[in-house]
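Have a look at the structure below before the remarks.
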Amino acid sequence: MVVSGALCDSWAGWPSVFFVTGGIGILWGFLWFPLISDSPPTDGRGGTVPDDNKSLLSVPWRSILSSPAFLSLVLTHACANWGFYCLLTEMPSYLGHVLHFDVYTNGLVSSLPYLTKWLVMVSFSFWIDRSMERGRFSLRTSRRMASLIGLVTPALLLASIQLGGCSKIVVVLLLCLAVGISGTDSSGFLCAYQELAPNYAGVLAGLGNTVATLPGFLAPQLTGYLTEDQQSRSSWRQVFLVASALYLLSAAVYLTFMSTKVQPWNDPSHGRKEDSEQACPLSDVNTDANA
């Protein structure tokens, strides 16, 4: 965001943002393809895969999609992401239209909350890991605490933004704290995909992130609808209150249904059992046809 603001304010104008970022992507591609292989066996740098890990696991879809622990986790993730995507996509508009920052300053200020979030993520995860190692907190307590801080605190801060009035310093500080403190989520509910089912962590994370990405285009749509007629503090108040309410909903859902225990369907035999139950033997088909 800092670079984008500077580029927009330069002689090259806003098109330079797309040329620069697109050029970086192309350069990354040229470096990626010769250095990355599809799998360890095809990697010429000596990667190997143990024989006992080569067999593919049968995914217990029915158990996953009916698991209260997993479904509540996905709902929590989606509601929390509403606030994240809403601020990520719409904060520059708010800073420009309501607080009247110029383009360069807007880019600089818009980046501050995410710098704060990175600092919180790194420092908090380090502290919580050391605390668990020393026996201060159990795993369940750590996850609950990290999620509670990362979901409830941003909700309260976003709901309080209007109290800052027209003070740019107060509003930016509240935004930095709201986005920054949400970084504790990385030590909270976001760890649950791995903890619920280590054998299927990739599947769970893929499903969860797919649903949790929906706010990425729904939040801007609602924001545009709420602020279409007027770019005022009162119209943006509704935007922040919606995000705040969804943060609180995500906290309530997770704290009610959370689990840090490995689920029974993590056992590879569970997936094979589901496959065998769904399979229909040819002999049964012939018997039914003759009947």
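Numbers here mean position along the shown chain, with the first residue as 1.
Note that Cβ sites are derived from N, Cα and C of the backbone, with glycine treated the same way.
Automatic, uncurated: that is what TrEMBL annotation is.
The annotation domain 'Major facilitator superfamily (MFS) profile' is assigned in TrEMBL to 1-262. TrEMBL lists 12-35, 64-84, 104-124, 145-163, 200-219, 239-257 with the feature transmembrane segment. Among the features that TrEMBL reports, region 'Disordered' is placed at 266-291.
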Near the transmembrane segment (145-163), which residues from the same chain, at least 6 beyond its ends, have a CB less than 8 A from one of its CBs?
-> 76, 80, 83, 124, 128, 137, 170-171, 174-175, 177-179, 181-189, 233, 237, 240-241, 243-245, 247-248, 250-251, 254-255, 258
What residues in the same chain, six or more past the boundaries of the transmembrane segment (239-257), come closer than 8 Å to it by Cβ-Cβ distance?
-> 68-69, 72-73, 75-80, 82-83, 86-87, 90, 94, 144, 147-148, 151-152, 154-156, 158-159, 161-162, 188-189, 219, 222-223, 226-227
